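Chemist: Quick paste of what Swiss-Prot says about this protein:
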- Ser20, Arg21, Ser22, Thr67, Asn92, Asp108, Tyr225: shikimate binding site (BINDING)
- Lys71: active site, proton acceptor (ACT_SITE)
- Asp83, Gly134, Ala135, Gly136, Gly137, Ala138, Leu223, Gly246: NADP(+) binding site (BINDING)
Amino acid sequence: MTELTRIPLAGVIGSPIAHSRSPALHGYWLKRYGLKGHYIPMDVAQADLRDVLAAMPRMGFVGCNVTIPHKESVIGLADIVTDRAALIGAANTLIFRKDGKIYADNTDGTGFTANLRQNAPAWQPQSGPAVVWGAGGAARAVIAALIEVGVPEIRLANRSRARADALRSDFGAKVHVHDWVQAGNILEDAMTVVNTTSLGMVGKPEFRVPLDALNPKAVVTDLVYAPLRTRLLVEAEAAGCRTVDGLGMLLHQAAPGFERWFGVRPEVDEETRAAVLAA
């Protein structure tokens with residue numbers, strides 16, 4: 001097969017992978033824009049990761065998304081790592097360059113802010129503190145993005161205090177760590193509230209942080225998107241807050257990779273959202 005006729009391949013690697021909505025999303029975009037290409041989900045064990053990444057370009061892959069548990073590991077296997085991916089310590093988007101080098105980026109943070117700007121257009125991140133629950137890879141991406149858009153203070157609470165303290169040491173003085181038992185007491189005057197934990201996800205423990213101190217002017221978002229309407233979002237909406245579900249972050253973080261692999265910047269709109277939910 002010549003370079004002129006090769007159909008570009010992309011995909012998502014992780015383990016497990018059956019739950020991923022990425023194939024439905026990229027498949028929809030390929031069809032919508034009439035593009036030649038395929039997007040393939042691959043269940044890759046940790047022990048096979050290095051060999052799989054080495055083989056993918058030879059198989060015609062131009063890049064891939066990366067999900068749990070490989071987002072941290074691929075940083076050490078990439079030749080070029082963007083500053084934001086290095087700061088976050090994880091990559092979700094790989095590009096296999098023609099010179100043989102693997103380029104790693106993290107678009108989770110920009111996906112997060114794009115989701116809020118689209119679905120809460122009045123959001124003013126500079127207007128007050130942000131509360132972030134959780135201290136994993138998603139929290140790192142969110143905190144990096146919040147700092148970039150000018151949030152003056154970030155109040156961080158995590159069930160493991162040590163992980164939160166480690167995150168603060170990486171991101172600096174804007175991040176203030178609080179014990180998990182205080183997770184509901186740090187909401188007063190917060191203008192942005194973000195759950196990055198798995199609490200409230202299907203099959204996980206329920207989200208039970210008390211929201212009595214929630215500022216009704218706050219924008220509240222939950223990165224969980226299964227279910228779309230989590231307990232946090234239902235209670236925050238009842239308190240008068242603008243709420244944003246987590247599906248939009250998934251859609252927006254995918255757009256830069258799709259553009260690099262297939263040459264078209266895809267729209268993230270209601271039609272896209274409906275197609276992914278229907279899959």
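Every residue, even glycine, has its Cβ placed from backbone N, Cα and C.
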Chemist: Check each residue in the chain of Ser22 (shikimate binding site) that is at least six apart in sequence and keep those whose C-beta is under 8 Å from its C-beta; list them in sequence order.
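Modeler: Sequence-distant Cβ neighbours: Val12, Tyr39, Pro41, Asn65, Thr67, Leu250, Ala254.
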Chemist: To which of the binding-site residues Gly136, Gly246 does the lowest count of other Cβ atoms within 10 Å belong?
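Modeler: Result for the binding-site residues Gly136, Gly246: minimum number of other Cβ atoms within 10 Å at Gly136.
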Chemist: Nearest of the recorded positions to Leu223 (NADP(+) binding site) by CA-CA distance, picking from Ser20, Arg21, Lys71, Asn92, Asp108?
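Modeler: Minimum Cα distance from Leu223 (NADP(+) binding site) across Ser20, Arg21, Lys71, Asn92, Asp108 lands on Asp108.
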Chemist: Listed binding-site residues are Asp83, Ala135, Gly136, Gly246; which of them have CA atoms within 10 A of the CA of Tyr225 (shikimate binding site)?
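Modeler: Cα filter at 10 Å returns Gly246.
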Chemist: Can you tell which of the binding-site residues Ser20, Arg21, Asn92, Asp108 lies nearest to Ala135 (NADP(+) binding site) in space, using Cα positions?
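Modeler: Answer for the nearest of the binding-site residues: Asp108.
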Chemist: Long-range neighbours only, meaning 6 or more apart in sequence with Cβ under 8 Å: which ones does Ser20 (shikimate binding site) have?
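Modeler: Sequence-distant Cβ neighbours: Val12, Gly14, Pro41, Thr67.
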Chemist: Which one of these recorded positions, Arg21, Lys71, has the sparsest Cβ neighbourhood, judged by other Cβ atoms within 10 angstroms?
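Modeler: Sparsest of the recorded positions Arg21, Lys71 by Cβ contacts within 10 Å: Arg21.
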Chemist: Around the C-beta of Ala135 (NADP(+) binding site), how many further C-beta atoms are within 10 angstroms, looking at every protein chain?
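Modeler: For Ala135 (NADP(+) binding site), the 10 Å Cβ neighbour count is 26.
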Chemist: Looking only at DSSP and grouping its letters into three states, which state does Tyr225 (shikimate binding site) belong to?
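Modeler: Looking at the DSSP assignment, Tyr225 (shikimate binding site) belongs to neither helix nor strand, so coil.
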Chemist: In whole Å, how far is Arg21 (shikimate binding site) from Gly246 (NADP(+) binding site) when you measure between their Cα atoms?
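Modeler: Rounded to a whole number, the Cα-Cα distance is 13 Å.
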Chemist: Below 8 Å Cβ to Cβ and six or more residues apart, same chain only. Which residues does that give for Gly137 (NADP(+) binding site)?
Modeler: Lys71, Glu72, Ile88, Gly89, Ala90, Asp108
